[in-house]
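Reviewing the structure listed below.
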Number of protein chains: 4
Amino acid sequence: MDTRFTGVIPPVVTPFKDGEIDFESVDKVVDFLIDNGMNGLFVGGSSGEVAYLTDAQRDAVAERVIKHTAGRVPVLVGVIETTSARVIEQAKRAEALGADAIVATCPFYAINDMAEIEDHFRAIAAATSLPLFAYDVPVRLNGTKLAAEMLVKLGTEGVVTGIKDSSGDDVAFRRLVQLNDKAGHPLVLLTGHECVVDGMLLGGGDGVVPGYGNVEPRAYADMWAAAQAKDWDEVRRIQDGINEGFEIVFVPQGRSGDARGIGAFKTAMEAQGTIATNEMAYPVKALEGETKEGVVAIARSRGLV
Amino acid sequence: MDTRFTGVIPPVVTPFKDGEIDFESVDKVVDFLIDNGMNGLFVGGSSGEVAYLTDAQRDAVAERVIKHTAGRVPVLVGVIETTSARVIEQAKRAEALGADAIVATCPFYAINDMAEIEDHFRAIAAATSLPLFAYDVPVRLNGTKLAAEMLVKLGTEGVVTGIKDSSGDDVAFRRLVQLNDKAGHPLVLLTGHECVVDGMLLGGGDGVVPGYGNVEPRAYADMWAAAQAKDWDEVRRIQDGINEGFEIVFVPQGRSGDARGIGAFKTAMEAQGTIATNEMAYPVKALEGETKEGVVAIARSRGLV
Amino acid sequence: MDTRFTGVIPPVVTPFKDGEIDFESVDKVVDFLIDNGMNGLFVGGSSGEVAYLTDAQRDAVAERVIKHTAGRVPVLVGVIETTSARVIEQAKRAEALGADAIVATCPFYAINDMAEIEDHFRAIAAATSLPLFAYDVPVRLNGTKLAAEMLVKLGTEGVVTGIKDSSGDDVAFRRLVQLNDKAGHPLVLLTGHECVVDGMLLGGGDGVVPGYGNVEPRAYADMWAAAQAKDWDEVRRIQDGINEGFEIVFVPQGRSGDARGIGAFKTAMEAQGTIATNEMAYPVKALEGETKEGVVAIARSRGLV
Amino acid sequence: MDTRFTGVIPPVVTPFKDGEIDFESVDKVVDFLIDNGMNGLFVGGSSGEVAYLTDAQRDAVAERVIKHTAGRVPVLVGVIETTSARVIEQAKRAEALGADAIVATCPFYAINDMAEIEDHFRAIAAATSLPLFAYDVPVRLNGTKLAAEMLVKLGTEGVVTGIKDSSGDDVAFRRLVQLNDKAGHPLVLLTGHECVVDGMLLGGGDGVVPGYGNVEPRAYADMWAAAQAKDWDEVRRIQDGINEGFEIVFVPQGRSGDARGIGAFKTAMEAQGTIATNEMAYPVKALEGETKEGVVAIARSRGLV
């Protein structure tokens, strides 16, 4: 297992201001996250609104984060594209920018089976010298769930370094953990289920990629430390607290999935002063009015504002 | 919280022989489960093939289990029907047979919204004096997921006593646990995710309804005891072992969901001598040949055979 | 092909009054439908709220419709239950009541594969002397879609007499028509897609089971006659008109699927005087207020009120 | 309605040879389609394996098709990207290459609601002077279905020129046709359901985008002509024939969706001599062996080989 990529690695949000990427806020987010104990940064993930960014914007954000991080922690870069050939183009650019690892999903828009998906990851790995993380996020990808056996096989062969599991299927994650252990633990297994990290760490997870980590990084860092110390009651206590803050994503009503989740994170971060505005990428409108107030009220009750 | 219904409450399989219910095996299953430390028995659940049984068969099984249990542990009876009026008929029969509690799903075949589902549970509760458990199993019910807020409201008002959560959504279960705690813990929250019980108990679950508990009840009883003692590393160790046995459900290839899951349980139980045959209800054919051997081999490796 | 079951066979709604079935209105609906040219009646379908009725209510409605129809047209009775054994009980009762045919879905709540579903239909057919229609309605049945090859095989062997296709998948229906033709047209193929009947009849459908036929039976009868005369432009013209009326189902906002569809039909029928009230089965609340007015306004614009 | 875009407009497949785009075959496909009466060509659609092509490849194919078409028919270019900003980049390149229209989907990977999707189309239209077609293909896009009311509104405002409906939902298409008619028919409504075009044209569709049109363009041209002449029985007869050929997509077993559909088209085209090989874009493997023979046998029975 590549231990550089264990622990808490939040998917960094992309701050906007007047419709443009706000690089000053990017720097502040990076410092905020590293200063609060994050073990790595994941740029270009769903929470980073990667799907909304042009290639130039993706590159600019990755470059800025990598530069400002300056080696303090590893930076993973999402290379989110529909199929192998297109992912490889993204991967090569990420490598040139100095990424420490890349994160790719299975193909989307395309309709492939598991054998084709396996070949997809092989082609990406062959095209770059960077560690490759497979990103399992069926809710965005037509329901496609990566097969545990395939992932462990790719891990054993050195094709894939780790998994970011945002599948919502903890039973499958648990099984992946055990298959991985039996194979000698080649894969770094990171859960994206930020509200059940306690159980996932108890069960053998190697870390977490929490979107809400943008808001409360310190709590995740503390949870990770408690887990390392096997103080599970403390782990659970911290998770409970995090989940109270995570309720911000349930405040927005009648809005899209991205507006609710990322919108709530950004709104709390704006209130915390980490980013200048809670703007979202077009065409998603920022939270405002009572919704915004509701989010901030929860953040305040957690002592974050 | 009604503490009678915490701990390990397996959904009892329904043994068959030559196409008929094998009541002798029913008795043996009941004794096996109680002798191995189960805190209750759930008759008429999905693992009990309730959907395949006529009303007369449902009654006969419930009656036999209740009689043979003879008060040693509480018996919960599934009242699985499409809508309120039909569930209520089942509930009244279960009550007459001496059930200690009933377990009902949201409506199915019907297409209802959450307000109608809430009224559905209210009507059922009003029609019986028994404690009512809401059974959340979207995979069988067109994807309908019970809303946590509604469940806690019904718990607070005394309409619903507890939840059997087989939704596969542990993030939602975790949230339900916390909402329930805030409301004073009116609901007994039982997870049906038999492979991540360690995490669910650490996170505050009140128990588990494990189909695989038919095969390895003692392991679940031990896990529950370790959880009560807050020995979380031991809880996880036991869960790991259970999951190795649970691999039996992945042995059958190219078979239906019910054949794979319940079929594997019954095949292991037949090998253990708990039931006479691994027959399934029509039209599901029993596992046989290499598939059967594969299941038994795993059971043997766990020391169960 | 059994020609008794071609043409327009609406799924008869179940009228309620003060929470009880309103048998007087049942008679009026039957007469209204037969007087307006319906070729048969389907009792106990989704539009008949079959999932909400107890067995006693199902029997009472079927008995009343059969008696009042008095052989003027054939009466098909829905035998909607989760699995074979339970369907067979319903089928035997329907047979005893004098049904001309039965209509059964694939199993639900149970999780079966296509081989098991085929056996399911075989068992039902073997248990009754009545013609058996297979009812394909994935939207209520966890997405399960009946395979065309299987249906044609069952038709060729005389197991199944016809299909009621409410799958929403017209490409699949078209393919079924052609496979059926190649096999000598054993099956009566009825579409439940009431808004594209013109295309389905042009493509070779043998009839339609339109829920909205409860509201505008005459239009469907006229369309069927025009189709028999191969006056396709007239068929389309009539369909266009029907669809303007069918817009009533889009009036209710924020209500459940059953409330929107069946609720709108009943509301129009109440305004027409065919039934006494637009009550729905518990727990579905009748449309009222502006929603009701909106439905009636459309019905009025069609000259139905 | 922009009448340039009515009739039969097939999504042009992208031929490969030894892993590279085979431009010689591209020219042959273009001539084959135009010579057989196609009213337009759609480059960069799902059947063109657009998701598998790099931007450079997309441009090269579009450029070649546009050049070789040389104005004989209009060329529509798919601008398939995850969100507005990325689509706009594609659209500008398509415009520079001389496309006659662009075809865009709703956002994907992103999780948006219908209001955001509406803004998405507005932004694309504002960024180009080309006619914009909205491409509705839920099966590739997480199930998202474009709302008919929104589309007609965008049509009325001149934002969107037409729709390519590959939703599989003919009831919704029929409703869209009628809403469009009521609004003065601003939108060109093209169905992608190649097997029920008869019914869709009878019901008022303005044309079809048939993947199978790559194989049998002449039949679609004939069907379109018969529909213009309102010879509906002939339309149906031709559709029946087409569907017998379309059975090639059901020959491949155990392959991915893209391998089955596009793979079968390419295999028939190879046998016809229109393209040099039936290669697919990486990682999809070409059909071969018995599967290939099965496809060719059907094509032969249709007199295509």
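Count begins at 1; order follows the chain as displayed.
Yeah, the Cβs are placed from backbone N, Cα and C, and that goes for glycine too.
Any TrEMBL annotation is an automated prediction that lacks curation.
Look at A:Tyr135 (active site, proton donor/acceptor): DSSP puts it in a strand. The C-beta environment of A:Tyr135 (active site, proton donor/acceptor), restricted to residues of the same chain at least 6 apart in sequence and closer than 8 Å, consists of A:Gly45, A:Gly78, A:Ile80, A:Val103, A:Ala104, A:Thr105, A:Ile163, A:Lys164, A:Ser166. The annotation active site, proton donor/acceptor is assigned in TrEMBL to A:Tyr135.
DSSP gives A:Lys164 (active site, schiff-base intermediate with substrate) a strand state. Per TrEMBL, active site, schiff-base intermediate with substrate is recorded for A:Lys164.
The pyruvate binding site feature in TrEMBL is assigned to A:Val209. The C-beta environment of A:Val209 (pyruvate binding site), restricted to residues of the same chain at least 6 apart in sequence and closer than 8 Å, consists of A:Ile9, A:Pro10, A:Pro11, A:Phe42, A:Gly45, A:Lys164, A:Ser166, A:Leu190, A:Thr191, A:Gly192.
Look at A:Val209 (pyruvate binding site): DSSP puts it in coil.
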